[in-house]
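In TrEMBL this protein carries:
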TRANSMEM  72-90  transmembrane segment
TRANSMEM  102-122  transmembrane segment
TRANSMEM  165-185  transmembrane segment
TRANSMEM  206-227  transmembrane segment
TRANSMEM  233-252  transmembrane segment
TRANSMEM  264-280  transmembrane segment
TRANSMEM  292-309  transmembrane segment
Amino acid sequence: IKGEIEQTLGARIFFAVDIQPACLGLYCGKTLLFKNGSTEIYGECGVCPRGQRTNAQKYCQPCTESPELYDWLYLGFMAMLPLVLHWFFIEWYSGKKSSSALFQHITALFECSMAAIITLLVSDPVGVLYIHSCRVLMLSDWYTMLYNPSPDYVTTVHCTHEAVYPLYTIVFIYYAFCLVLMMLLRPLLVKKIACGLGKSDRFKSIYAALYFFPILTVLQAVGGGLLYYAFPYIILVLSLVTLAVYMSASEIENCYDLLVRKKRLIVLFSHWLLHAYGIISISRVDKLEQDLPLLALVPTPALFYLFTAKFTEPSRILSEGANGH
């Protein structure tokens, strides 16, 4: 009789565990409600709190890992975008004879640097210059709103949360600080030093930023996951194209033309840094002894341009274009 009772109780216990509802959805999980020693009590299946994501057992786990090198490179790319755009529009609207461009470049660098530092300080853990993150496993981690399950095809269980915490939202925080610092610092600086420009031209670089910051925000909101996987190739392609355009527009056809002005060297070295950044991002430096020699390819595009410029003659093409031929 005792054996039959134990067998019956065991079957009931197994049945009770077996009929528990499964946690549906790719990103739905059970949140920890109570923990006492080895005893853990979890709630119903649903959305994980901010700073947590589901594990393989469908339990919400805190994001306590450190970002990988590739994650930092992605954040660096997103941080560089407003800075590069600031520099472009400052140079575009300052004019060749304006002495204010250098100070505005420095101010833009200061704004973006301070915004990055403040963003890291206010992120978890607060007050230190590093962050805790969840590992990016697949592209869908960036778009959890597309994977809310509908068990009965009528009711939707909303499990949308930041599975790539904080790589998605930290960019928005950074852009917000960039915008605030720009509005606090740049107008005063431009008003003081931009004497060589007309009143209508002084603030055009600031007006441009008021346009490109919303564009960058929408770009991150919609294409953050795609940018995460594609940014190394975007850096390489854009840096190669902009370097070729700049050298042809400046009518650089030999090394002497390149060395005659310091500004051209600064532009060249800046593009080399971008080349190196893209190469490191693609290789991820998984095997240091194999990946570092790839950095020797950094000067190759500029050298190739200088060696082949005599066959294309950019100055002749530009003069013919100006004459309408």
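Even glycines carry a Cβ here, placed using N, Cα and C.
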Same-chain residues at least 6 beyond the ends of the transmembrane segment (233-252) with CB under 8 Å of its CB atoms are 77, 227, 258, 264, 267-268, 271, 274-275, 277-279, 281-282, 301-302, 305-306, 309, 314-315, 317-318
Where else in the chain does the transmembrane segment (292-309) make close Cβ contacts, counting only residues six or more beyond its ends and a cut-off under 8 Å? 240, 243-244, 247, 252-255, 258, 268, 271-272, 275-276, 279-280, 283, 285
